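Asker: Below is the structure I would like to discuss, written out as structure tokens.
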Amino acid sequence: MPDWGAHLSEMRQCAPLVHNITNYVAMNVMANVLLAAGASPAMVHAVEEAAEFTPLAGALTINIGTPSGPWVAAMEASAQAAQAAGLPWVLDPVAVGATAFRREIGARLLALGPAAIRGNASEILALSGAAAQGKGADSADPVAAAEEAARALACSTGAVVAVTGPVDYVTDGARGWRVANGHPAMPRVTALGCSLTGLVGAFLAGAGDRATATVAALAYFGLAGERAGETAAGPGSFQVALLDALATITPDALTAGARVQAA
Ligand SMILES: Nc1ncnc2c1ncn2[C@@H]1O[C@H](COP(=O)(O)OP(=O)(O)O)[C@@H](O)[C@H]1O
Ligand SMILES: Cc1ncsc1CCOP(=O)(O)O
Ligand SMILES: [Mg+2]
């Protein structure tokens, strides 16, 4: 098994600037998660500047949670700029199956070469063209039901695909892992999936093996959730405790606490 903590160590040493085009709900939570982990977030979405900003960063993340026409233009221009600069970019297809608008955006972004895709099971099913039962931004499908779709998506796009839920599944089409870290409070706080997508971006900046870097980001976030769950009294204090745990988990603690199995 790879040394998961080494990926955290490399990310903190690099302290990458991560360019995020994300949704209104997630902006603050996601920026704080990236700062707590040791990366530098920048939320830059105006079409007038987004593509100019992208090459300044170590990675780009694109989240379609609250899309509108000009934002979509900025997403496409930034994804193209990332491609041109050889930068990894991560797609978070929030509620992609819910409307025709989102399905069209998802298809257009998929064609722009994401290095990784991170979504819940309903989103990965819908993005792959399979039937899905998503409830808005929330999943209504089990992770296991999306594993085949994730592998197919990885093979057709070349991206690492991460399906999150009670036990996450990650694949690059050839290899697969299950990540059992996490806490049941995590889906009760908004924008934690979006924030995890930002962390995947941070771990991909400069990473040699993008699949194991993605697994490490998921295990790290899940372990922080476990730590937060030990002290939190409810969703409010859980969110605060999660930031503290992200900041205090060491690479050695991640190596020891990662519950990852090859799948
Ligand atoms: N029931 C659960 N138990 C433990 N961890 C969970 C559970 N549901 C989600 N998570 C974790 O919450 C984080 C966000 O995943 P998820 O809720 O699937 O994303 P989204 O918010 O995009 O739907 C991931 O780290 C995932 O492992
Ligand atoms: C509630 C909501 N509505 C549009 S985007 C968004 C945030 C979704 O965040 P996450 O996918 O991380 O739960
Ligand atoms: Mg989400």
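Using the three backbone atoms N, Cα and C, a Cβ is placed for every residue, glycine included.
Pasting the feature list from TrEMBL:
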BINDING   M43, A191  substrate binding site
BINDING   R118, T164  ATP binding site
Asker: Around ligand 2, within a Cβ distance of under 6 Å, which of the binding-site residues M43, R118, T164, A191 show up?
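Answerer: Close enough to ligand 2 are A191.
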Asker: Filtering M43, R118, A191 (binding-site residues) by proximity to ligand 1: which pass a Cβ cutoff of under 6 Å to any of its atoms?
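Answerer: Not one meets the Cβ criterion.
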Asker: Expressed to the nearest Å, what is the distance separating T164 (ATP binding site) and A191 (substrate binding site) at their Cα atoms?
Answerer: 13
Asker: Near the Cβ of R118 (ATP binding site), how many other Cβ atoms are there if near means within 10 Å?
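Answerer: R118 (ATP binding site): 32 neighbouring Cβ atoms within 10 Å.
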Asker: Between M43, A191, which of the binding-site residues has its C-beta surrounded by the fewest other C-beta atoms within 10 Å?
Answerer: M43
Asker: C-alpha of M43 (substrate binding site) to C-alpha of R118 (ATP binding site): distance in Å?
Answerer: 18
Asker: Ten-angstrom check, please: count other Cβ atoms within 10 Å of the Cβ of T164 (ATP binding site), all chains counted.
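Answerer: For T164 (ATP binding site), the count of other Cβ atoms within 10 Å is 28.
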Asker: Please report the three-state DSSP label of R118 (ATP binding site).
Answerer: strand
Asker: Compute the C-alpha separation of R118 (ATP binding site) from A191 (substrate binding site), stating it in Å without decimals.
Answerer: 13
